[in-house]
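Okay, structure first, notes after.
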Amino acid sequence: MAPPAQAQESDTLSLSSGPHHPIDDNPKTASINYDAKPLPTENVDPDHPAPTEEERQKLRKVAGYIPWASYLLCIVELAERASFYGVKTVFNNYIQFPLPKGGNGTGAVAKDDPNGHAGALNKGLQFASAMVLLFQFLAYIIPIFGAWLGDTKTGRFRAIMYGVIIGGVAHVILVGGAAPSVLKAGNGLAPFMISFFLLAIGAGLFKPNVVPLIVDQYTHQKEYVKTLKSGERVLVDPETTVQRIMLLFYMCINVGAFFMIATTYIEKYAGFWLAFLVPGVVYILLPALLMWRYKTLIRTPPQGSDLNNFIKIVGIAIKENKGKLWGKNYFAPAKPAALAAKGTQVSWTNKAVDDARRTLSACQIFLYLPIFFLGNGGVGSTGSNQGASMTTKGAPNDLLHNFNPLTLMVVAPLMTYVLYPFLHRRRIKFGAISRMTFGYTLATIGGISGTIVQYRVYKTSPCGYYASTCDGVSPISIWWQLPNVMLGAMGELFCTVTAYELAYARSPPGMKSIVVSISLAMQALSAALAQILIPAIKDPHLIWAWAAPAIALFVQTVIFWFRHHHINEEEFMTYEDEENASESEKSQRRADAV
């Protein structure tokens, strides 16, 4: 993890503010007309001078100061994901297989059977597969409820703490239910099911609220001009800053995901009680860190009025457009002036109407994610199946899946400290839609790579197009799977991370968690789609299991670019002057804060 604050200053900004219009000898900015009129802002802040339009066009963009609280919350996310993935990855063996013969009674294999499988409940493949899929589905659907709770009822921090408490109880029950005496008596299913659902609920309350809470710690979310120690004048840009925060956040998720490697070894050689206990110990970091910095965290109150206004605005727009779901000037009938002309007074402002438009456009963008997730690394277990048909030379057939988080951990810092600063120095605009289009393109190339490898496996396997059930393997090395895995991982950094950014930036303050949860729900849709396709994924048609998602992703990438590229030119965040807000809206905000 990059050191916070001062280590970033060489690439971002100096903490000491210079005067707004000093004599500028820097050749990069000396041609700027400093007498140009600044952009309108609702509050004049001498420490954060607003840029002129010319400065916006010519000054290099840099990320602002990221508060320590944001780094702390990223560590909290790391611990939560480490504990989550740590237990989730052993669920299949725990449910599917029986206690190994000659084992220690905790699910570990016998010492003289290193090729055996750890197991406990002996419920079979179908039950295990159904439960693992259900867990993944719940973990990405429950966040919609958790987001609603955090945005409209409890506030994000309190919703997170509720989730942490529920998740903590789940970990305790999980460890107790895996005790040798419980498993030997055949009583392990009931406590497992209780902890199973509690863990999904806890994660569902935690996940959608932690993303907005992390970005909320970055308080000055407006662009301003700053003078670096070198004398160069730069534009401190909220989009660049949020982008850096989200890349750090996503990197921490994948550092945590690496923890599942440890628990797979623990389950096999020590047993499930320890495989569940170790993630539970890591989980203790969550309440400890959150309570330690509780007083210094910025905790926004719930704002139910934003969601209420959104529902009413969208309802009026649909009604006035005679049921059409989109069109030119679609939201114009919901503006206060248009309604006032009909004798209807409303509590919202033009800004609320624009927020509704921006929020819906973000949700439209999220609808392209399921196809991306579907083909990323292969549909279902096609990646592992392909690896099992190749020459491994002792490597596990699913080893290369671990290169997904490894790639993310390596590439994310390079993007935030090398790639994006390079583009800013060259004044190359790489907007949100451009980034996602590039990510989809990388994933498409990765899918093509997987298709070619599968074709070569079929051509070189002793069993030809029935390689999956063949006793022999293709001479092609399993390491040829790396391009598919690594390109898919890099695609995530451009697509998934940007989706988080848009969810935060294009939604009103009281709906940020809800919109984040909608982006998360796309993974649930992808999992459901994968489950539907699984019966068709078998020899001799596995080439199409790779090619079809790649083709679909290519087609939707073209549509995505032409449909949404105009968003590159829109403001990343929009603001409203409190003085221009309606009195009823001010009153509602005060009521929300109570």
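The backbone N, Cα and C atoms fix where each Cβ goes, and this holds for glycine too.
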Please identify the range among 375-394, 575-594 that TrEMBL labels region 'Disordered'.
575-594
Pairs 6 or more apart in sequence, C-beta under 8 angstroms, 3 or more of them: is that satisfied by the transmembrane segment (189-206) and the transmembrane segment (247-266)?
no
Counting by DSSP secondary structure, give me helix, strand and coil numbers for the compositional bias 'Basic and acidic residues' (45-55).
3 helix, 1 strand, 7 coil
With CB pairs under 8 Å as the measure, which of the listed stretches 160-183, 403-423, 435-458, 478-502, 514-537 comes out on top against the transmembrane segment (272-292)?
160-183
Can we call the transmembrane segment (403-423) and the transmembrane segment (514-537) in contact, meaning three or more C-beta pairs below 8 angstroms at a sequence separation of 6+?
no
Using a Cβ cut-off of under 8 Å, list the residues of the same chain at least 6 residues beyond the transmembrane segment (247-266) that approach it.
1-2, 66, 70-71, 74-75, 77-90, 211, 214, 274-275, 278-279, 282, 402, 404-406, 408-409, 412-413, 415-416, 492-493, 496-497, 500
